[in-house]
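A.B. asks: A single structure is presented below for examination.
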Amino acid sequence: MQQNTRYLFASEAVSRGHPDKACDQVSDRVLDYCLQAEKKCKKASRVALETTIKGNVVGLFGEVTCQKTFPTISWFRELVTEIGYSREDLDLDPTTCSVHINVRGQEAEIRGVVHNQERAAKETLGAGDQGLMFGYATDETPERCPCLWFLLRRFKLALRSKFEEARKKKIELAVAKGIKVSQVDATPELRDTIDFWWLHTDAKSQVIIEYEDDSGALKPITARVAVLSVQHSKFVTHDQYEDRLPQLVKGVLDEYGMHSEATEYLINIKQKTSGYGWTVGGPNADAGTTGRKIIVDTYGGHGAHGGGAFSGKDPSKVDRSAAYYARYVAQNLVRAKLCRRVLVQVSYVIGKPEPLNIYVNTYGTGTHSDSELLEIINKNFDFRPGFIIEELDLLNPDRIKYVETAYHGHFGRPEFPWEQEKTLTL
């Protein structure tokens, strides 16, 4: 790309109530459940779990070796409530939804190839599958993540906060009045006392930013388009919320200097252009499946993706652990100012601890050549799965709650160990 070239780039995000993202949360909550049991009995759990939801049905499929009885149907229904679905909102009903479980233990042949259930043998723990994984970092933000990704995450957090505040107040009002929560929405004198009363849990957003390419490094200039679509109550009209949502989005863009007079806001554009609202969302509107939002989960289209999803997989699966480690490597290279932007690739074959290759590309922004940076990587980082798990403490349920990665993204969040600083030997 030519020096100082300007271009437009788009990324998208979805809320916790989006059906695909809800499935990620269910799969990762089961993983957390198993790892907590593992902590107590000191035996390795192996989890590869897919969740599918549609209508009022939750399906779980996969292989789980856990030292504790598999969660009950009531446990899953509580999780559905936590995600934000409710009968009143025409979503998955946590009081009546059926839960179908088709899960068995990890296949013996895979277990034999990968490990011998010896957690101490970190040198011999093989990769859980073949594949390629990527880590990416950029100096656009203090979090060393793309600016677009960061803005979209802030949108999600702001929407979730408004949704949870409104839901709490509606429940309190319903209890005080002795009525159903749905009746609060239907009663103007009650609902009008609650800010964002009409907001439901399913939502999608998209932002287009004008970037300047500065000799391989990326400089965000301004947001050109901000798109937000939210599920809402059937009792609200577009006119009633068309000011509130743009204010919320603009507030985030203003905070990071990304709003300009040229920024176009497209808010629930379907209702504005066609007259049809978005009152039916979640799994009633669309089926959801674990692992279908892999770009949302990573860098929003920047960098690259090897194709393997994260959620529902224990750390022996390099789809997850090696992608976290590649991010750990990338963000530490940028943090150490060895480059301004970098992509790291690693690949494996099942059963073999050592990676087949490690690749680094600094897009011409490095203070060293890419081959010299590769030497620095090999000197400071060990990509064998057992060492990854140990260094990042990936089996410690007190350190990591994997369901939290499914909430609002896996990267750029300082509470996760793969985002921590490592002092490098040059």
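The backbone N, Cα and C atoms fix where each Cβ goes, glycine too.
Okay, so Swiss-Prot annotates it like this:
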- E12: Mg(2+) binding site (BINDING)
- H18, D202, A203, K204, D286, R292, K293, A309, K313, K317: ATP binding site (BINDING)
- E50: K(+) binding site (BINDING)
- E63, Q106, D286, K317: L-methionine binding site (BINDING)
A.B. asks: In sequence order, what residues of the same chain, 6+ apart, have a Cβ less than 8 Å from the Cβ of A203 (ATP binding site)?
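C.D. replies: A203 (ATP binding site) has long-range Cβ partners V14, S15, G17, H18, K156, L159, L228, S229, V230, Q231.
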A.B. asks: List the binding-site residues among E12, E50, Q106 whose C-alpha is within 10 Å of the C-alpha of K313 (ATP binding site), in sequence order, or say none.
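C.D. replies: The binding-site residues passing the 10 Å Cα test are E50.
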A.B. asks: Please give the greatest C-alpha separation between any two of the L-methionine-binding residues E63, Q106, D286, K317, in angstrom, as a whole number.
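C.D. replies: Roughly 30 Å, rounded to the nearest whole number.
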A.B. asks: For a quick check of packing: other C-beta atoms within 10 Å of the C-beta of K293 (ATP binding site), how many?
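C.D. replies: Cβ-Cβ neighbours of K293 (ATP binding site) within 10 Å number 21.
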A.B. asks: How far is it from the residue listed as 'K(+) binding site' to K293 (ATP binding site), counting Cα to Cα, in Å?
C.D. replies: 13
A.B. asks: Would you mind pulling the longest C-alpha to C-alpha span across H18, D202, A203, K204, D286, R292, K293, A309, K313, K317, which the record has binding ATP, in angstrom?
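C.D. replies: So the maximum pairwise Cα distance among the ATP binders is 30 Å.
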A.B. asks: Among the binding-site residues listed here (H18, K313, K317), identify the one with the smallest other-Cβ count within 10 Å.
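C.D. replies: Minimum Cβ neighbour count within 10 Å, taken over the binding-site residues H18, K313, K317, occurs at K317.
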A.B. asks: Just counting, how many other CB atoms are there within 10 A of the CB of E63 (L-methionine binding site)?
C.D. replies: 16
A.B. asks: Between the binding-site residues E12, E50, D286, whose Cβ has more other Cβ atoms within 10 Å than any of the rest?
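C.D. replies: The largest 10 Å Cβ neighbour count belongs to E50.
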